[in-house]
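TrEMBL lists 74, 112, 115, 198 with the feature Fe cation 1 binding site. What TrEMBL records for 112, 165, 198, 201 is Fe cation 2 binding site.
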Ligand SMILES: [Fe+2]
Ligand SMILES: [Fe+2]
């Protein structure tokens, strides 16, 4: 990133202290995975586990594929912290740096760390999944990393994280609603509490971008158009379970069919962000900036049309085995 852009983030430090760090929750006020899990130190542990497993028995396999996929995505957290620490002008230079950007990145990671932890323990106790093959998928995924194509630019990555936090909040929210529909209100609560964290993170990242749209409208709108041209890929897009080379594609198909995260959600997130940052109303842009603005605004109706056509095309779905649930068959 050019030095003058790095300077922008330096000049935003006081603002970030007051406006971004407020979206973190003090540890003492945070929920912990243990709040939602049977307590292994209590006498009622076995009984609580038995109840958890009885509830889980009523939930179909395809739901577990979706839940496992989102747990694996959360468990690849080391990759996401690396992404944030690669950002020019923002990286945590010492590992315990006191710039607001570094404080945010570490505390965000610490908050996110509870998500994978909680889902992992729940899935283990449920007895419905093949933990070893899930753990293998996590190891492969962290070893492979990700490529959001943000090129170390905070502009690009904050577009990406704004999009992703909202997308994960939607998908955890829908996963919770489905759990409730299957009669598991405790699991619904687990998904809901995670979704509410993602929402808070979305508020922080969209606020940073809002500020960039104000300070550097051309830079911000060019970044938005750039990321949308590349398409926002899910963070776990490089996942592999050791046997299915298309596991990510297959998992995404299940998630789409169950209505947990769909093509419509993708367009909805974009439409929301464009509204949130008032992209349509931006004035005083350079010619290049206007082209980017135009591209992003036209993209929304274009994506809507694609969605409709995809809906019409819906073919007879394949049924394939998923290693995560001991090779039981699930419709895509
Ligand atoms: Fe998360
Ligand atoms: Fe998140």
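Sequential numbering from 1, following the chain as shown.
Cβ coordinates come from backbone N, Cα and C, glycine included.
All annotation found in TrEMBL is predicted automatically rather than curated by experts.
Comparing Cα positions, residue 201 (Fe cation 2 binding site) lies closest to 112 out of the binding-site residues 74, 112, 115.
In this structure, the binding-site residues that sit close to ligand 2, with a C-beta under 6 angstroms from any of its atoms, are 198, 201, chosen from 74, 115, 198, 201.
Of the chain residues outside the Fe cation 2 site list 112, 165, 198, 201, 108, 111, 161, 164, 168, 169, 197, 199, 200, 202 have their Cβ within 8 Å of the site's Cβ mean position.
Nearest to residue 165 (Fe cation 2 binding site) in space, judged by Cα atoms and limited to the binding-site residues 112, 115, 198, is 198. Cβ atoms within 8 Å of the centroid of the Cβ atoms of 74, 112, 115, 198 (the Fe cation 1 site) belong to the same-chain residues 77, 111, 113, 114, 116, 168, 172, 194, 197, site residues excluded. DSSP classifies residue 74 (Fe cation 1 binding site) as helix under the three-state reduction.
Around the Cβ of residue 198 (Fe cation 1 binding site), 22 further Cβ atoms fall within 10 Å across all displayed protein chains. Within the same chain, residues at least 6 positions away in sequence whose Cβ sits under 8 Å from that of residue 115 (Fe cation 1 binding site) are 74, 194, 197. Among the binding-site residues 74, 112, 165, the residue whose Cβ has the fewest other Cβ atoms within 10 Å is 112.
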